[in-house]
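A short write-up of the structure that comes next.
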């Protein structure tokens, strides 16, 4: 009956977990002891609870029985659907203690914390890109394959990443949620606000490898690099002309 009343009298003494049933608490305690007795026979995954292993097995079968009634999301595990529903309700209970980031799902916060620690364990085997999250690496891999599965329903735009499509959609809605606190500049794209803020901070992260020049924007550095390229072409052309003149002079001699 506690599942109906919401009563959860069995509490973990190592974290804020609580349970309505004692055996659920006993299973939970395995996560603190590192015990994972339930093993998958198709990969090296193991779990502290049998129902968790059952949910994992659906990743092999492709079964996703838990469906969202507000969008086309579906999940192999019920708790994943419960976490997903927070995105519709706007709930983001997991908060970063180093910035204003918050998440609907705890593992998203755990992944976010890697950005503060500088951890990027997921590496691309085609280039030197690395990511803090596996899903981010999966999105990056599409830049190599050319796959752009996320399509705009208002124009022919498509994107490799869903968040890139979300940013693009603001061009249709006119939404500009990102606001500069220093001057009131507004934009629909977070990256544009990040670039804009460099005007106030003086930050110039893009550096020329051939001289001491640095720029606030990548496009500015590219234009600067064209100067070096033009100088190199001119120098090579002058050398070629000089070589031709010398060759002609030698012929006359």
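Positions of Cβ are set from backbone N, Cα and C atoms, glycine also.
Where the annotation comes from TrEMBL, it is an automatic prediction and has not been curated.
Copied over from TrEMBL:
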DOMAIN    10-37  domain 'C2H2-type'
DOMAIN    38-65  domain 'C2H2-type'
DOMAIN    66-93  domain 'C2H2-type'
DOMAIN    94-121  domain 'C2H2-type'
DOMAIN    122-149  domain 'C2H2-type'
DOMAIN    150-177  domain 'C2H2-type'
DOMAIN    178-205  domain 'C2H2-type'
DOMAIN    206-233  domain 'C2H2-type'
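Nonlocal intrachain contacts for the domain 'C2H2-type' (206-233), taken as residues 6+ away from its ends with a CB within less than 8 angstroms of a stretch CB, comprise 195, 198-199. On the 0 to 100 pLDDT scale, the domain 'C2H2-type' (10-37) averages 84 in the predicted structure.
Listed as Cβ neighbours of the domain 'C2H2-type' (94-121) (distance under 8 Å, sequence separation of 6 or more from its ends, same chain) are residues 83-84, 86-87, 130-133.
According to DSSP, the secondary structure content of the domain 'C2H2-type' (206-233) in residues is 16 helix, 4 strand, 8 coil.
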